[in-house]
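I have placed the structure first, in the form of structure tokens, so that the comments after it can refer back to it.
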Amino acid sequence: MSQIYASFKSIGAYVPEKVLSNADLEKMVDTTDEWIVKRTGISERRIAAEDEYTSDMAAKACELAIERSGVAKEDIDLVVCATVTPDYFNMPSTACLISDKLGIRDVQAFDISAACSGFVYLLSVAKAFVESGMKKNVLVVGAEKFSSIVDYTDRGTCILFGDGAGAAMICATTNKEEAFVDLHASADGSYADFLVTPAPGCVNPVSQRVIDEGLQYVQMKGNETFKLAVKTLTKDVKEILEKNEINSDDIPHFIPHQANYRIIKAVGDSLKMKEEQVVLTVGKYGNTSAASIPMAINDIWESGRLKEGELMLLDTFGGGLTWASALLPFAGKSK
Ligand code: ACO
């Protein structure tokens, strides 16, 4: 029997209509457009409507990914969602709600929580299911309504995050040329307090104290996270390239997590990447956590830059702390 591999067949994304610009934030907190652009590279981000939820954005991204893959909805046998801003914190999972919105019934569906690393973590889940022969067509989606956990009086965090969703179809193939080359995912819980939403959870169940202290909002040790992100991302990417004997010159698309332009630049420079190799969307979308990488892949696919068979290098870092990198060809059709 021939070997089965996982392949990245298609991409789709959705961004909400409302734009929150740096000029808007200047009216909300003590900050300036100049500070935000210089320190982060972000000019604007998208914010979902009040009644537009993570599952709604995810379903829209999924519809595009499904259509572009040519896979019939009836042939999808697993739906997995990465999010830290689920529609409901405990149950039902956002993946269940997405499946229902897509009309996909009677298939396994579940969420994972790995913050900004969520999408690459999902690729490892999809790869394992496909290559073990358990599933054939896995719909993976990273989606966040991050604005729902941001304190818009905290200038240290509110300038960074945005909302959106990105989805991909991961399909079984016997063609080795289409297969994921390598994937590495890891975590270190000793840094859990670098990025945390203290409530709701069993440590801080919903109470008046939670509301009074604003524990439902994301808290971040920005500067410490920044330094660790640069170090970890650089090491992780160097390792995956060395292990697979690939030179950074041979990567047409380096697609890092879009958290901060300075982090991306530092990692890109240490790998001697040229500007045209590095995908940048942070300026217009900010940090959309688990949605950031698939949104960036969608951006280059829609603009015609990502072609069939081209190699992508993904690299991400987020709360947990978690990090992950992946080397894989785009196995779908060029636009
Ligand atoms: N406007 C103006 N001044 C500000 C702002 C702002 N929006 N935010 C902070 N400052 C001030 C600080 O108060 C501080 O002032 P002080 O020197 O008087 O105390 C000064 O600017 C410097 O603050 P730092 O926090 O040291 O600034 P830094 O250069 O580190 O930039 C930032 C902050 C943008 C948050 C950066 O640290 C960062 O991007 N961190 C990493 C974020 C990240 O990658 N997260 C991981 C993924 S997220 C996830 O997993 C969900």
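Each residue, glycine too, has its Cβ placed from N, Cα and C.
Remember, predicted model here, so these are calculated numbers, not experimental data.
Looking at 8-12, 18-22, 208-212, 258-262, the range annotated in TrEMBL as region 'ACP-binding' turns out to be 258-262. Geometry remark: Asn287 (active site) versus His257 (active site), CA distance 8 Å.
Counting residue by residue with DSSP, the domain 'Beta-ketoacyl-[acyl-carrier-protein] synthase III N-terminal' (110-189) contains 29 helix, 29 strand, 22 coil. In this structure, Asn287 (active site) is part of a beta strand by DSSP.
A 10 Å cutoff on Cβ-Cβ distances gives Asn287 (active site) a total of 23 other Cβ atoms nearby, all chains included. Along the region 'ACP-binding' (258-262), the predicted structure has mean pLDDT 95.
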